[in-house]
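First comes the structure, then the notes that go with it.
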């Protein structure tokens, strides 16, 4: 009897838990569907589990979302691709619910299943599902239908293909803006599956309807379609059909549409070719860079480098650079920030002379901007300019500004400068670095902000790697030793951090003679935090120094710390001693 009841047990648990009032139990049950399906076997999953899920009318969106996700990977549990169609009914139901994220997940799962189904099954099961959803009384079904056409269309016979194109056209003229929005956003995917002959006629007429929609939310999605369709059409057709639309959109009365154009424009340049770009798209882009809405200028400014790469340097200097100069003193800090994040990329495009003459003054003005994000974005991309103008000019023009920013009142700006220092050091060379930036690197070890002190310690390690241990012994170690007696315990802790990072770079001899005494002194500090950090550093030095040093110097120090009144100090000292013991054993 028990052997008969055993297979029923998982489905019984599932049904009980799916009907439970506790949402967490229902969720857990749905997420275990694959386990339950394995227990039931393929046939019972098809005949019992899937019909049960189809009838399940749970009203909680989280449960429905989990179910939509699980069903997308369920083909192996129902008997493979031959039976994939049995998964369609529950997903069809989920495509009609009110919650958008559930519908989106159901559409995604249907696309995944549809892409694995055989052509005959697609015609028999999938295409009728798409038609049912497209004719749905409630708008949610029609919204979901739009995302399935690109899966259904390639397998359909010619008569059905004509019908599917006609249905899609009707969806693009639906009374509900949400349906038209979905049709507009999926048009690119659908168009990619349509034959070239119908692309020029049916799809382009659908596209033109969408571009003239009275809802700006539909028109802005049509802008996305411009780039997708532009790549599918021949250049001459693209110029004839897509270019006029984009030029009109760049002057649309809705700023959201113009914003989308600013984001997409550079992609269209590749589709239409150089001449139409010069004649039509450059003026459109210049208009967007000077738009009266800050959001549009932000989007346009963020794409300025990508756009310039498509143009010749002469065109960029003639048309785009004047706008860039205006944007560098824009009233909106966010526009200046967007420009600062990409403007450095213009240097390789424009070449050395134009960069020195035109761009350098803009860089300097942005480096002195009152808004920290603008300064930050410029600093993080300095290496792109260096490659173009060379280190001499960079050091003359930009270095004074960098030194000024090293003491910036915003700690994130100081942090960005520190992270840039090793790269700058490698390019400036050791002599120039010592003269201009050496003192700064030590100064950061005493910053008020922990992140800066920590980055400064890392910076010393990277500089020691760049210039070598001999240089570090002369220029870093003496100042580190001097700071190790700083009256403030937080600064003494930073020195311990610097020692632990420098030791592997400096090697055994210098570590024993110069760095180890600093740590031994720190272990006798009056502050427990310093003492247990000293124990941690001693532990990190064990692999670096000789065994005799470990036995004669490190062990006695750790034994002393192991008897400290503070519990944390004792813990870390004993941890270090255990490490030594395990090293000795091995």
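Any Cβ shown, glycine's included, is placed from N, Cα and C.
Quick caveat, the model's predicted, so the values are computed rather than measured.
Over in TrEMBL, the protein carries these features:
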- 10-48: repeat 'HEAT' (REPEAT)
- 164-202: repeat 'HEAT' (REPEAT)
- 203-241: repeat 'HEAT' (REPEAT)
- 242-280: repeat 'HEAT' (REPEAT)
- 281-319: repeat 'HEAT' (REPEAT)
- 320-358: repeat 'HEAT' (REPEAT)
- 358-519: domain 'Phosphatase 2A Regulatory Subunit A helical' (DOMAIN)
- 359-397: repeat 'HEAT' (REPEAT)
- 398-436: repeat 'HEAT' (REPEAT)
- 437-475: repeat 'HEAT' (REPEAT)
- 476-514: repeat 'HEAT' (REPEAT)
- 515-553: repeat 'HEAT' (REPEAT)
- 554-586: repeat 'HEAT' (REPEAT)
Remote residues contacting the repeat 'HEAT' (320-358) - C-beta distance under 8 A, at least 6 residues beyond either end:
282, 285-286, 289-290, 294, 297-299, 301-309, 311, 313, 365-366, 369-371, 373-378, 381-382, 384-385, 387-390, 393
Long-range Cβ neighbours of the repeat 'HEAT' (515-553) (under 8 Å; 6 or more residues past either end):
477, 480-481, 484, 489, 492-493, 495-497, 499-500, 502-504, 506-508, 560-561, 564, 566, 568-569, 571-573, 575-576, 579-580, 583
Using a Cβ cut-off of under 8 Å, list the residues of the same chain at least 6 residues beyond the repeat 'HEAT' (242-280) that approach it.
207-208, 211, 216-217, 219-220, 222-224, 226-227, 229-231, 233, 235, 287-288, 291, 293, 295-296, 299-300, 303, 306-307, 310-311, 315
Under the DSSP assignment, what numbers of helix, strand and coil residues are found in the repeat 'HEAT' (476-514)?
32 helix, 0 strand, 7 coil
